[in-house]
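Notes for the one structure printed next.
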Amino acid sequence: MKQSQLCAENIRGIEDFLDRTSQQGMDVSLQKVESNINMMITSLFRTLRVEELHRYRDTLRRAVLFMSPSTAKAFITEVVETNLVAFDCHWILINEEITDYDLQELVMKSIGRLTLIRQTFPMPQNTTQRCVKHNHRINTSLCDPKNPRAQQLEITNKYIYDSVLLLANTFHRKLEDRKWHSMASLNCIRKNTKPWQGGKSMLDTVKKFGVSGLTSFLEFTDNGTNPNIFFEILGTNYGEDRGRGVSRLATWDPVHGLNGTLTDRKLENNMRGVVLRVVTVLVSKTARITSERLFENGHDSVKLIKFADDTTLIGLISNNDESAYRREVDRLVSWCSGNNLELNAQKTVEMIVDFRKSTVPPPPPSVMDSPITSVESFRFLGTTITQDLKWEPTISSLIKKAQQRMYFLRQLRKAKLPAQMLVQFYTAIIESILTSSITVWFAGATEEPFVMVSENVLGKPKKYQGFSIDVLDALSNYLGFKYEIYVAPDHKYGSLQADGHWNGLMGELVFKRADVGLSALTITPERESVVDFTTRYLDYSVGVLLRKAERTVDMFACLAPFDLSLWACIAGTVLLVGLLVYLLNWLNPPRLPMGAVSSTTLYNSMWFVYGSFVQQGGEVPYTTLATRMMMGVWWMFALIVISSYTANLAAFLTISRIENSIQSLQDLSKQTELPYGTVLDSAVYDQVRSKAMNPFERDPMYSQMWRMINRTGGAENNVDESREGIRKNAIIISPPSDHWRIPFEPEPALVACEEQGGAIKVAGGCFLK
């Protein structure tokens, strides 16, 4: 069940609105806003109790406002000042009379999200001559929609002017056509009057001809509606550098309907020969692949200066023919020159690997008319590569460096430092040397199961597979278009930067460098304001992925219910009671049969007391009254201790099986013992940052979360991909690829917090939407 609050000043369309909401299962409460809003709010505080005020405040979280802009500004100001509205509220204001000035005031006065629906009037470009051309007897400044005087004019007045103008033109046409039906004089005394016969003809002329007025072109269809009515849907947003603002979300007109991200469009099979550029995101585990688009010069008026290091060209010389190898060198030099990339010939070397017995070294090639030096070895990414492909120089260098640092480890061990510090020292100083150059370059697609690299053949384009690729192939076969996939240059989903520009995959779509975006990108209001999303085809939740604590086996876990001091007291009590039983039996020995020997030794007394304590009984009979009274008290004591031990042991085993206490984002933000983070430039990262940094929507929960996530500049807790965070303590995840990966991770614990959705991204205005 959904709930919303409807505040209305007029009742036009209210019944239809209530009927539609009831059919959709929405619980709507209707309230009339009085003209004196201050008095109305004051009466609420006087008549309602605190619990009722909290419920009233909760109903205002989702509200539809049918009121004039001036009343809306007064109402929003009052409810904000009296704290009757929450920071996560979402209001929709519908009114035709909302001007740009009203828009700015409403945006600044409100908190939370505000969506506004107002009417717009598309005007022709030659607005200065429009009044003269259509013989408007008004000030020409009112014909220009950009003029401040025209913006201050109410829409109702514009419609009144256009209606009078339309009637005047209709009368004029009827008189010119000589089809005017004169009206009979009316007599107010007579009950039966003759109706005017020209009404239908007059109405037909109104429908047949239109008029170009202050509300654009005014005309009517056969059913009496005006087809030239346009509405725009605006929504509030926030930027760190420009504060709270407003942007257009969608438009509506009677012909095309809703044009934005909220409507479904039927695709037609008319895209034969169209080639789409598709951008995706591939994140690697240990390195990032730099796309060839890094060296594209996309600005004719700006010279891009680019730098490259350790550029390597590997060629094969067959049958002593070096022509193919030298052509590759010339192509590399030409490509760098065409992309404003200058090679340093003095630092360029050549190494020939040849295991033949008799060889004649070929002359070295030249780069930019400079000969290249031929060497027997060179260093590449920290590794020394020789002509004979032997690794002794690298191995010897690593062993020498590691041995030098082992001396410091021995000194720290002599100083009796904790073992944990010694392990950290070894990992950071020695193991890092021994494991260098093990993984030179590794890349893998982590957008499973949406976009994955299926084949990577040298010299051929990459091939991709996955759910999104299958959907794109199905659309391609149905519509007939072709597509090219490339990877976003910075390998990021994309977020709004401080300068107002988008990076990552979002930036490729915003700047029209790509038509379609394929990735596990979350639908957010900020992203919807700049690009279009297809129909939402996937629902998932924002969750907190916790790392379960490793289970350890403790052989002394049976002693956990009692403290060590209590166990010591119990052991001392057993010894003391055993001694007392022996003394009582020795001072008052029982009568024994002739020739029998007493078995009540100190050892047997101790064993009897211990056996009775652990509920195993005893073997030595005690018949004296004092001894039996002593043992009766001891048995009662043993019963209480054993019962307490059993209860504490059951509670201890139950607590050890209880799941983590973090069940929501609120629980996560309130604790500080467990560090957590998220993926950089992801939807969760942007949401937490915007709600924590936004002065208009500041939420204490998100502020606390942002302090933890952004600790040490975000380098400590945040990761480049969710797989790294899953191996840490806790990570806030959002993309569906993270949810798909959870079953493959060891011992994960997922806590779902908020539902979201996913779809395919397309550039703004793209026909694929």
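Cβ atoms are placed via backbone N, Cα and C, with glycine included.
What TrEMBL says about a protein is an automatic prediction, not a curated fact.
The following features are taken from TrEMBL:
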DOMAIN    439-746  domain 'Ionotropic glutamate receptor C-terminal'
DOMAIN    449-511  domain 'Ionotropic glutamate receptor L-glutamate and glycine-binding'
BINDING   T522, R527  L-glutamate binding site
TRANSMEM  564-584  transmembrane segment
TRANSMEM  633-655  transmembrane segment
SITE      I662  site 'Crucial to convey clamshell closure to channel opening'
SITE      R689  site 'Interaction with the cone snail toxin Con-ikot-ikot'
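Sequence-remote contacts of a segment are chain residues at least 6 beyond its ends whose Cβ falls under 8 Å from one of its Cβ atoms, and for the transmembrane segment (564-584) they are 600-602, 605-606, 608-610, 613, 622, 624, 626-627, 630-631, 634, 637, 641. DSSP assigns T522 (L-glutamate binding site) to a strand segment in the three-state reduction. The two recorded residues, T522 (L-glutamate binding site) and R689 (site 'Interaction with the cone snail toxin Con-ikot-ikot'), have Cα atoms 16 Å apart. Summary: among the recorded positions (R527, R689), the fewest other C-beta atoms within 10 A of the C-beta are counted at R689.
Note on the domain 'Ionotropic glutamate receptor L-glutamate and glycine-binding' (449-511): DSSP counts are 20 helix, 16 strand, 27 coil.
On the 0 to 100 pLDDT scale, the domain 'Ionotropic glutamate receptor C-terminal' (439-746) averages 71 in this prediction. For the pair formed by R689 (site 'Interaction with the cone snail toxin Con-ikot-ikot') and R527 (L-glutamate binding site), distance between Cα atoms is given as 15 Å, rounded to the nearest Å.
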